[in-house]
Amino acid sequence: MRRMRLVTAAIGVASAVALALAGCSSGDAGGGGRQTLQLWFWGAPPQQQQTMKQVLIDGFNKSQSKYTLQVTFNNAVDKNVQVALSANKGPDIVYGSGPAFSAAYATQGKLADMTPYAQKYGWQDRLLPAMYQSGTVDGKLYSLPNSIEDIGVFYNKKVLAKLGAQPPKTYAELVSTMDKAVAAGMYASVTGNQGWKPVNQNYISLFLTQVAGGKKVYDALQGTIPWTDPSIEKAVQASADFYQKGYLGGKDYATLNFDQSVQLLSQGKAPFMLGPSLIFQFASNYFNDKNGTTDDLGWLPFPSVDAGRPYPYPTLGTTASLSINAASKNKDGAAAVIDYMMTDGFTKDMNKSWPGYWAVPLKNFDLDAASYTGLSKPFVTAMKDTIATVNKGNYGFFAGTFFPPATATAFTDIDSVWLGKESAADFLKKVQTTFAAEKAKGLVPPLPQPGA
Amino acid sequence: MVITAAPARESAPAHLPPGRRRTHLRRRTAINYALVAPALVLSIVIVVVPGILTLLFAFTDWSGVGFDVHFVGGKNFASILSDPVFATALTNNIKWLVMFLTLPAVIGLLTAMLLLRRKRLRTFYQVIYLMPYVLAPVVNALVWQTIIYNPHGGVAGLLGIQPPTGSTSTALYAAAAVDMWHYWGFLTVVYLGAIRQTPVDQVEAAIVDGAGGWGVFRNVYLPSIRPTLLLMGVMTVIFSFLAFDYVFLLTQGGPAHASEVMGTYAYAFAFSSFEFGKAAAVGIIMSFFGLLASVLYTWISRREIAR
């Protein structure tokens, strides 16, 4: 009787598990003999999704007959990818926040070694050395950036004219114009972190680059100097002074986002918007040929805070990274997609209608700005200049790209210093503790060494 | 003295011979197990296993990705408990609890009493009050962020004031206000349902005895809905320590951790820092408060029954 009950219970449990698993299972769909490749991408606006469809999806699918690429757009892509990779599932091509996040997945064996594909396709010869190196872990390639970016100054030419100012060539000129704007009842500049707290990383990275310098940050990331080094503390304090003077969106920093900020810039509510070059993609909604406002927007690299530093001196970052899922059954196909994205033709086509996101880190970023319209023209020009500067070794590091995840998150909390809740010294002590733990785990991505 | 009904023992029809009765009983038992199995398996897979794993991971340095896990003892708890941000988050959860135990409960009770007297349109009002509750939090948050807390085009902008989500002194209350706005209508409907269960003869007797509106409420309705108040109070305690969505959507715990709650604190560990071990430890602490509330509820319920 008891054995019968146990057998019955076991059958019941097995049936329930089978039902549950049947509900969870999924198949690999393929049409016309083609293998399906999956890419999960962030929830870009409809117009940009259309560009992605025409240039990437249709372009890739027509370029060969073995694979069909499918792209899924979702704003929670980072979290979804993290959960999927943990379960050895997810897309074939892994879109991530940058090399530092990819390194965290790579060390756990969730990403495929792309070195053989790099050799097959010649990626190392084709891409900027600093960008290629950033995607390696223990000498093996695990990710490639889709685009480089810099943190600079967007300005409204009409507002500057109204204020009787010129595009600032020095830090003193930038600050002077912002003071004039405030006196005229405007924002000094517009930007904000509403809805995405890691926006803070842009501004602390900017000051680390401009005040401490790329070499100091490189040394801190190598562990040869602590994050509590006086030069880094000075940079953190300088960022706090800048914020407290209202130069970062004033009191509305926490209630503005990039899109609203560009809109305010277009409405003449501020002379400047400080931020990453990817803002070009939001700016094209407000500064465009249709409204006849394209030429009202200007962009320049952030003026040197330290007079002894060369200009321009970019805060080098990447907008995202591309890797291959270790659990993918179509790694060759995934590599083919990434290779397709690392080409001159793809770069040229994507930038025609989607400026800001596709400065593919090609050594020879040979795009003819004159052949572009709208904001694609200034974006292409800006990125060509940035790549030329990076090739000279003059750059600092964007936290979201190059710092290990917990250290980058610790720097996201910089608003505690900006709002006077914590001193720069105490803040950096916490950063140092967090960084030391991550360094011990080997989570610091390899870094391209900048010039002194 | 407590009298409870004992469950009826399973029995086979008396007219069957002993052999067939045993077979009948075995078949009934098999069917019972088969019926219980799906729910049991789901509970084990979805609740028990993750619960045990969370408890185990709280003592490890698991990154949330892969299987590279090391036992770190109580290090995660020590690190969290020494972090001032955790103290801020815990304090904010307690503030959240105090706000939710008072404001929505009072407003809900008041509105329920007003609706009780209204015969016409009562259902219509209940539907209206429930609307924010049935809308997704992201929709409610977006509505408030765009219409109320927007410095350009919103009410805050029109009044020329800084949106409360942008100030360290008001961010928590700004997020709580939206959550309470979505919650009080639900309480109204629940309380109204409970109040309507009050025996009419008791209400009429109290009125005949000369009790006024306040007297009837205090001496008749309130004792009558006491179990409902207690249950909703306990649920509020549990929800308050699990608060996450409105804070995350409106302030992300900022500015400068001013509106941080334990839910957002744990989320940052899990999905930004790849420190699942610490996130699990925060989760355990959060569960501890829910467990306390549940134990308290059980204890009070038993006392109520014994009385």
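Backbone N, Cα and C atoms are what each Cβ position is placed from, and that goes for glycine too.
Here's what TrEMBL has on this protein:
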- B:90-297: domain 'ABC transmembrane type-1' (DOMAIN)
- B:1-20: region 'Disordered' (REGION)
- B:30-59: transmembrane segment (TRANSMEM)
- B:96-116: transmembrane segment (TRANSMEM)
- B:128-150: transmembrane segment (TRANSMEM)
- B:170-192: transmembrane segment (TRANSMEM)
- B:228-249: transmembrane segment (TRANSMEM)
- B:279-300: transmembrane segment (TRANSMEM)
Give the one range among B:30-59, B:96-116, B:128-150, B:228-249, B:279-300 whose Cβ atoms make the most pairs under 8 Å with those of the transmembrane segment (B:170-192).
-> B:96-116
Contact yes or no, the transmembrane segment (B:228-249) and the transmembrane segment (B:96-116), 3+ Cβ pairs under 8 Å, gap 6+ | yes
Please give the sequence-distant neighbours of the transmembrane segment (B:96-116): residues at least 6 beyond its ends with Cβ less than 8 Å from one of its Cβ atoms.
-> 122, 125-126, 129, 172-173, 176, 179-180, 183-192, 195-196, 217, 221, 229, 232-233, 236-237, 239-241, 243, 261
Same-chain residues at least 6 beyond the ends of the transmembrane segment (B:279-300) with a Cβ under 8 Å from one of its Cβ atoms are 54-55, 57-59, 62, 64, 76-77, 80, 86, 93, 230-231, 234, 237-238, 241-242, 262-263, 265-267, 269-270
Near the transmembrane segment (B:128-150), which same-chain residues lie under 8 Å Cβ to Cβ, leaving out any that are not at least 6 residues past its ends?
-> 111, 156-157, 163-165, 174, 178, 181-186, 188-189, 245-246, 249-250
